[in-house]
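Over in Swiss-Prot, the protein carries these features:
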type	residues	note
BINDING	T13, G14, S15, I16, N127, E129, G213	NADPH binding site
BINDING	K128, S154, E155, S184, H207, S220, N225, K226, E229	1-deoxy-D-xylulose 5-phosphate binding site
BINDING	D153, E155, E229	Mn(2+) binding site
Amino acid sequence: MSGPQHITILGATGSIGLSTLDVVARHPSRYQVFALTGFSRLDELLALCVRHTPQYAVVPDQFVARKLQDDLAAAVLDTRVLVGEGGLCEVAAHPRVDAVMAAIVGAAGLRPTLAAVEAGKKVLLANKEALVMSGDLFMQAVRQSGAVLLPIDSEHNAIFQCLPGDFARGLGAVGVRRIMLTASGGPFRETPLEQLQNVTPEQACAHPVWSMGRKISVDSATMMNKGLELIEACWLFDARPDQVEVVIHPQSVIHSLVDYVDGSVLAQLGNPDMRTPIANALAWPARVDSGVAPLDLFRIGQLDFQKPDEERFPCLRLARHAAEAGGSAPAMLNAANEVAVAAFLDGRIRYLEIAGIIEEVLNHEPVTAVEGLDAVFAADAKARLLAGQWLERNAR
């Protein structure tokens, strides 16, 4: 290796960004932070810049940029501050960047992630919404640019590790019968259905296994997160929706499985810590220490599996239907979910109304073909408008 890889971290102050920085800091001769971006936790972004001395930082607006630039100057740092989506795309596609951690949550991460792909970077994809929204357009860009796309979601990273290196020839060609996505079941896996009506945001964010941000914690509680991962798996591994099965596995030790036609089932196991898939993708095809403790099977004792209940988890059903419909449906599903989850976290709707909003949006609009990025964002905007109108009529 001639020198350290230069890394841009999109979404540096979130849980994935912080875990990435933890792994990077363990290997200073391998990795050097080139750019960090943040949206709301700007004091933390300043602290990260002081600690990791990136060449660039990106923030959402000019007011914040001026303050951060002054604070960096006071700390005797020459980090340059960029602004907005243009700044995100610049640090994602910069010629000096080798790898990009795409960890901005939601639709906001699509353009900068695509910028990294189109520049032919090694893209560590934690922003599942980018692929859910743009699907075939995203994968076409990967193929045309020669970018290396490595999944960071623990489930997709597990599948990637369990598939043969030439899986791009087609799952059937390499003997794969099905992919099994594991899910913890979230905090309400055994909650009586009649109690779900009164679930609070704090309860929904109290995940029993993983430490995550608030939006993805709610998605995990509703199992929309698993639904989005189902759609993501279809695009990453060229699978049909009926080739992807969701299995509830409360211990979150098996991160996913691949079932082969000869009866073999390969699984990837590990402690539930995002530093494992991050380290795997950063170093791929090599391996480096992630800082994660070794798995102790004797302490775990047993592994359990359950079939998801669609009455309890209607968002999983809606996501599978969107995957089967294709076209604009996944982008609309994602947008409606983002609006509904934000309203729930703000106390404007009840937990069970999240799925209701999404279903109403999907039923309102016919599925259309998505032939360009403008069509993706048009579907996204339409779904947000419809979800917003529902809130105007019904929110508390």
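Just so it is clear, glycine is given a Cβ too, placed from its N, Cα and C backbone atoms.
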By Cα geometry, the one of the binding-site residues (K128, D153, E155, N225, E229) nearest I16 (NADPH binding site) is D153
Top Cα neighbour of N225 (1-deoxy-D-xylulose 5-phosphate binding site) in the set of binding-site residues T13, G14, S15, G213: G213
In Å, how long is the longest CA to CA span across K128, S154, E155, S184, H207, S220, N225, K226, E229, which the record gives as the 1-deoxy-D-xylulose 5-phosphate binders? 19
Roughly how many angstrom lie between the C-alpha atoms of E229 (1-deoxy-D-xylulose 5-phosphate binding site) and S15 (NADPH binding site)? 18
If I take the Cα of T13 (NADPH binding site) as reference, which of the binding-site residues D153, E155, H207 has the closest Cα? D153
Starting from the Mn(2+) site formed by D153, E155, E229, give every other residue of that chain whose CB sits within 8 Å of the mean position of their CB atoms, in sequence order. K128, P151, S154, H156, N157, L181, N225, K226, E232, A233, S256
Where does T13 (NADPH binding site) sit by DSSP, helix, strand or coil? coil
